[in-house]
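As written in Swiss-Prot, here are the features:
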- 1-39: topological domain 'Cytoplasmic' (TOPO_DOM)
- 61-82: topological domain 'Extracellular' (TOPO_DOM)
- 104-128: topological domain 'Cytoplasmic' (TOPO_DOM)
- 150-174: topological domain 'Extracellular' (TOPO_DOM)
- 196-208: topological domain 'Cytoplasmic' (TOPO_DOM)
- 40-60: transmembrane segment (TRANSMEM)
- 83-103: transmembrane segment (TRANSMEM)
- 129-149: transmembrane segment (TRANSMEM)
- 175-195: transmembrane segment (TRANSMEM)
Amino acid sequence: MSHGHGGGAADNGVSPGNVPVCYYGAAGRVPAALERRVRAAELFMRCAACGLAVLAAALLGADRQTRTIFSVEKTARFTDMQSLVFLVIANGMAACYSLLQGARCLVSILTGGVLINRPMAWAIFSCDQVMAYFTITAVAVAMEAAMIGKYGSLQFQWMNTCHFYKRFCAQAGGAVACAVAASLNMVGISLVSAFNLFRLYGSGKGRK
């Protein structure tokens, strides 16, 4: 009886190497409902991170204000602060990366693909970790510069530039807020990729 069942599986082109199974824990299988939720959550967070990163980069890239100060016309741009340039670059990279990974998630959902193997899971997990730390670092640097621009620094005798460029600072603040939200999504994505990676080790499956 066992032999007949194996023969039928072979005839249908199904083998242990191509059956789409997902394992979690010592000997358990992830319920189908949970699997769908995890995939949907990952897709949503990657799309949200992409959109927020694009919005942050666009707001900063288009941010400029011209004022006349002491009879001298000056224009404030994001390129005047290296921290904002770094933030634009980081969000541009995060947007491109999230778009590619989001497309992979969408294809996986639509095709019901087999769970990725360990090397691929490690690669995705590592890239997600790098992007999460990268975006958080860029946000932290930009927020520090924004605080100096808003409140100045008595120790270094740096003046409050936002007093002169209120619209520029307001738009830059909105861009930083979007970047913060994008970085938080990247952190959530790294947690999901960690779940997808380490569950492959629970049952001894998915080694290759």
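Positions of Cβ are set from backbone N, Cα and C atoms, glycine also.
Since we're looking at a predicted model, the values are computed, not measured.
Highest Cβ pair count under 8 Å relative to the transmembrane segment (40-60), across stretches 83-103, 129-149, 175-195: 175-195. Using a Cβ-Cβ cut-off under 8 Å and counting only residues 6 or more beyond its ends in the same chain, the transmembrane segment (175-195) has close neighbours at 38, 41-42, 45-46, 48-49, 52-53, 55-57, 59-60, 63, 87, 90-91, 94, 98, 101, 121, 124-125, 128-129, 131-132, 135-136, 138-139, 142-143, 146. Cβ atoms under 8 Å from those of the topological domain 'Extracellular' (61-82) belong to residues 88, 145, 149, 161, 164-165, 167-168, 171-172, 175 of the same chain, restricted to positions at least 6 beyond its ends. Broken down with DSSP, the topological domain 'Extracellular' (61-82) shows 5 helix, 12 strand, 5 coil.
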